[in-house]
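In what follows, a single structure is set out as structure tokens and then discussed.
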Amino acid sequence: MIPTVGFNMRKVTKGNVTIKVWDLGGQRRFRTMWERYCRGVSVIVYVVDAADRDSVPISRSELHDLLMKPSLSGIPLLVLGNKIDKSEALSKQALVDQLGLDSITDKEVCCYMISCKDSINIDVVIDWLIKHSKTAT
């Protein structure tokens, strides 16, 4: 898996539900566009490299800056700690603590630890997204 540059859109279908997923790049030059793509969504999914401990403070700052936008108030947040297949990956509790997720009180917050490489917890994430989707097709 390579990092997203810019943005990509794809549809994920499971059963009678189709979810439109906007994959937004995390590079600094794309962060100013995040709010624009998050308006009107059913869920905000924020993916963090759990194995890159040095990047977590920046991820925390960017996440909290994003969530302060009034247009995103009340939208459920799903945080995914990716790369748990690596030995240096943070635990779920360490990620929750370092991202300050317990301080977010104006929305539902959920955190799953995943591995895109090894497909760990991907089905659980899709089920959570389906449960929180606004419409089924």
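Cβ atoms are placed via backbone N, Cα and C, with glycine included.
Any TrEMBL annotation is an automated prediction that lacks curation.
Lifted from TrEMBL, the feature list:
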- THR4: Mg(2+) binding site (BINDING)
- GLY26, ASN82, LYS83, ILE84, ASP85: GTP binding site (BINDING)
If you count the other CB atoms within 10 A of the CB of ASP85 (GTP binding site), including all protein chains displayed, you should get 15
For LYS83 (GTP binding site), the number of neighbouring Cβ atoms whose distance to its own Cβ is within 10 Å equals 22
Long-range Cβ list for ASN82 (GTP binding site), cut-off under 8 Å, min separation 6+ in sequence, same chain only, gives VAL47, VAL48, ASP49, ALA50, ILE114, SER115, CYS116
CB neighbours within 10 A of ILE84 (GTP binding site), counting all protein chains shown, number 23
